[in-house]
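Asker: In case it helps, TrEMBL gives these features for our protein:
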- 146: active site, proton acceptor (ACT_SITE)
- 156: active site, proton acceptor (ACT_SITE)
- 14, 20, 21, 41, 65, 66, 93, 163: NAD(+) binding site (BINDING)
Ligand SMILES: NC(=O)c1ccc[n+]([C@@H]2O[C@H](COP(=O)([O-])OP(=O)(O)OC[C@H]3O[C@@H](n4cnc5c(N)ncnc54)[C@H](O)[C@@H]3O)[C@@H](O)[C@H]2O)c1
């Protein structure tokens, strides 16, 4: 079996548990021979991430809150010290106050707007700036988005705006870093049953609706998302940057649901 990520080292940010999209990506990367470091948000998540990291042969954990510059500096400092370079980075981080992932969009507060966009979008710029000097021979940066960025999805609210900004950020970073051989792409999975997914009101209905109507009749899986991440981060994706790759059973091509489902 070919090991598409053999000899490549990557930092995976955003594993909270074994249902996290970042974990699906980490497993796929490890299966293809990558060496991994993990960032976790705080000690409680650290305890959950530790055994998962161990199961893919990694004991390289760093505690990062993307709102805390010092924790970002420390994490990238350690990578520079221990590895000297980085081949890929996975940014699977998003946050909005749960109370605004329900009800009407018009009630979005300034504080939660600022916080959601800072954590879910601006943090990609922060990590890209720190990863860049560690990628002198080029590298890959991946983030995660959702189609609520360009189509209204019930209760996705401010996260839709944050994901639209994130997708635009992917294009600007891709253009900025392309001449240095650093590729920046996003994967846009359909709804997944994760901690972040559970924060969105009516998440189960969105999951079921997508599954019922998607051309493939199925939702995304951690394995499918992981496989897409391997393609984008490996040399197979060497000519692809600034792209949003959708992994949703084809749901995004629909103009309206099947008649039998209306
Ligand atoms: N679940 C879905 O339906 C779905 C669909 C498409 C895209 N996504 C995106 O996938 C990404 C990963 O989410 P997930 O669904 O795997 O959920 P998850 O809850 O497993 O992961 C979210 C991660 O974000 C981290 N995070 C939040 N605030 C942070 C901060 N201030 N500093 C550092 N880390 C922070 C959490 O610790 C957690 O590990 C997110 O960007 C999410 O928007 C999710």
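Backbone N, Cα and C define each Cβ position, glycine as well.
Are these features on the surface or tucked inside, and what are their neighbours?
Answerer: In sequence order, 153, 156, 159, 163, 188, 189, 191 make up the list of same-chain residues 6 or more apart from residue 146 (active site, proton acceptor) whose Cβ falls under 8 Å from its Cβ.
Neighbour density for residue 156 (active site, proton acceptor): within 10 A of its CB lie 25 other CB atoms from the protein chains shown. In three-state terms derived from DSSP, residue 156 (active site, proton acceptor) belongs to neither a helical nor a strand segment and is classed as coil.
In three-state terms derived from DSSP, residue 14 (NAD(+) binding site) belongs to neither a helical nor a strand segment and is classed as coil. Packing around residue 14 (NAD(+) binding site) is summarised by its Cβ count: 27 other Cβ atoms lie within 10 angstroms of its Cβ, all protein chains included.
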Asker: Pick out which of the binding-site residues 20, 21, 41, 65, 93 has the most other Cβ atoms within 10 Å of its own Cβ.
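Answerer: Answer by Cβ density within 10 Å: 21.
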Asker: Under 8 Å Cβ-Cβ from residue 66 (NAD(+) binding site), six or more apart in the same chain: what's there?
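Answerer: Residue 66 (NAD(+) binding site) has long-range Cβ partners 13, 72, 93, 119, 123, 126, 127.
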